[in-house]
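One structure below.
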Amino acid sequence: MSSAHVTPGSVPGPKLAAHFASLEVQKHAARLGMWLFLATEILLFAGLFACYAAYRFLFPEAWAASSRSLDLTMGTINTVVLITSSFTAAMAVHYAKEGKNKMVGHMNVLTLLMAMGFLVIKFFEYKHKFHIGTLPGRYYFYEGIQLPGAPLYFTVYFASTALHALHVVIGMTVLAFATVRAYRVGDFSANNYTQVELGSMYWHLVDLVWIFLFPMLYLV
Amino acid sequence: MTPSSSIAAPGAAVPGHEAHDDHGHHPSYLTDGTTVKSWLLTVDHKRIGIMYMAWILLFFLVGGIFALLIRIELLTPGPTIMDAMTYNRVFTLHGVVMIFLFMIPAIPGIFGNFMLPLMLGAKDVAFPRLNLLSLYVYLAGAGFALWGMLNGGLDTGWTFYTPYSAHTTTTVAPVLFGAFIIGFSSILTGMNFIVTTHTMRAPGITWFKMPLMVWALYATSCIQVLATPVIGLLLLLVTAENLFSLGMFDVARGGDPVLFQHLFWFYSHPAVYIMVLPAFGVMSEVVSAFSRKNIFGYRAVAYSSVGIAFVGFFAWGHHMFVSGQSTFNAGVFGVLSMLVGVFTAIKVFNWVGTVYKGAVEFSTPFAYFCGFLFFTVFGGMTGIAVATVSLDVPWHDTYFVVAHFHFIMVGATIMAFLAALHYWFPKMFGKMYHEGWGLVSAALIILGFNATFIPQFLVGNAGMPRRYYEYPERFQALNVASTAGASLLAFGFIIIAIYLTYALIYGKRVDNPWNSKGYEWLTMSPPPTHNFIGPQPTYPEEPHFYVDPKKAQGEVSDV
């Protein structure tokens, strides 16, 4: 493994920025900043959850009927894919702490592949909806469910899944950076793994949001 | 950008300045690199603060000019200088610019950025590059918003209420999107301040030895981080609604406009405290420095900042008393809103307790403190009044409410902004302004502000609705008085602009003209690039620690 060439001095270690007292503080600051950022992300989705709750209360029948029209199989597969990708993201952190840079890269590539798989499945779901007309707001033309509130359900559905998909893409970008660095620079080690850790934290959030969205939208 | 004695500030030798007598051998942050690039790409929190200042003052000017246009239009009952549609656009632009581009970022962006690390004995904020990014994100958002407002403008008012904002043909989407982007900047600054406060405190500065300005900024940052994402989402949804008619808040498609109001005020009510909490922080510093006394009830003042931030999240419903909310909800929100008054009163009594038996130096910042005290108490009391459902129903959407929120948000914040500007001007630039002109303009501004908004309380109580273009004859006298007050106010600001610009160029070199004991004065003025030269200062005493000059030498003030 790449740990063979990890000897003091030969690898560009963690850099201490001039304004921090110590590496310990710097790492603490980075982690705290990420936690705060993740809190804001959860609150961003919380607004959508509030919309969902309010309209589900107003249109219970439309909500139940529309929810049943979603493809539960695809949703379930996607959930499994995403949870598995969270595992590989966590393994990347584990290997980063051991300085096994190649394994960090491999794990991240697996995560990225699963993320791509998730998006592909999502794409087919979207395509099907465009085809049958279960679309948000004024674009709704599905004959199967003619209840007041059904177009609104799909407004909420598309708003939340699209926002989530956007986060998947952002997460993939973040992970891609760590992957490139793991393969090309290979300087992750027991005292320098913040980038992998933060990327993986972000990925867990993407996963977590989906774990809320899935029962909300598919299972009711 | 290496330190060099050839670019040292002139006349730097300050007597009685043994802590850092290598003055003149180190460039200050202002002179360390003078190229445009060294400013635009800086990661120095002080330079970022100064750049915020330049932009925020510009936006303040824009918002102020539009305020004057509104007041001129309302000089006569009928059309005066513009048509009705232009008037709608002008008051919307005034609101959007003043709220999103001035009031929210003003004190944290300028004085928070500049002072927070100095007050914590840190070399910079925790994430300097993120700090620079937040400035440019803010400018990008401002660009979007202003572009939209100049290309067509919008007539929704700054509250963007649906379903109207979803249907109006004016340019809503770019302004909403601009406000969304500005929200990002707010979140980034808030995160940065929270992490800085947690991780960057110098040895010796414990949580209860932090200056009260830091406590206020910390509480503000918590609100920014917790509330802004919600309005971010809401603005995105309304933008989509406006562009694609998704029906999210449109009654015709099953949507609920009241849900919009809930989500909007869930941010926008705490946003009031984003504007006013930093102002409270500034005032705690100023009142202590100019009474030459340690702040009375330090912990109560610190906790009440956190208390306001907390209860501020449970008060949004008082904006919706007439929206069809249940009487029970209205009552609950009314009581929760009044709790804010309790926490504010704790602060006010402690400030008054600080002044009591202090050795008051009646300088310009202290003059603004006096104005601030009046506006906070008066604005706060009318706040209790409008939180009472039975009173709010007749006052709702009248000029009474306009006057109330201008008193508490604008009055208090502007007073603190100007106090901060005068109190920290020597810290930021190492120059001193003319004290006489400072007091004259302070008097003009406090007088002008009262003359502008007290008539609005009266005209609102008499029933004049807000945002109306024309009004009945009988309201004219009070409207004329209000416009006259606004011109006094404008005159005061012009004087400040003149003497501060003069001081910037020709002002006398000073280091700590107030003999302030605030932590931020432990380094030279203006500070060097990494804030401290030589060893980091030690912090054996609490902040705001003053020896009472009226007592025997060396004896410590007893409060």
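Glycine is treated like the rest: Cβ placed from N, Cα and C.
Quick look at what TrEMBL lists:
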DOMAIN    B:39-540  domain 'Cytochrome oxidase subunit I profile'
REGION    B:1-24  region 'Disordered'
TRANSMEM  B:50-72  transmembrane segment
TRANSMEM  B:92-118  transmembrane segment
TRANSMEM  B:130-150  transmembrane segment
TRANSMEM  B:170-195  transmembrane segment
TRANSMEM  B:215-238  transmembrane segment
TRANSMEM  B:264-284  transmembrane segment
TRANSMEM  B:296-316  transmembrane segment
TRANSMEM  B:328-346  transmembrane segment
TRANSMEM  B:366-391  transmembrane segment
TRANSMEM  B:403-425  transmembrane segment
TRANSMEM  B:437-458  transmembrane segment
TRANSMEM  B:478-505  transmembrane segment
With an 8 Å cut-off on Cβ pairs and a sequence gap of 6 or more, do the transmembrane segment (B:403-425) and the transmembrane segment (B:328-346) reach 3 or more such pairs? no
The average per-residue pLDDT within the domain 'Cytochrome oxidase subunit I profile' (B:39-540) comes out at 94
Contact between the transmembrane segment (B:215-238) and the transmembrane segment (B:92-118) (3 or more Cβ pairs under 8 Å, separation 6+): yes
Contact ranking winner - B:50-72, B:170-195, B:366-391, B:478-505 against the transmembrane segment (B:328-346), Cβ under 8 Å: B:366-391
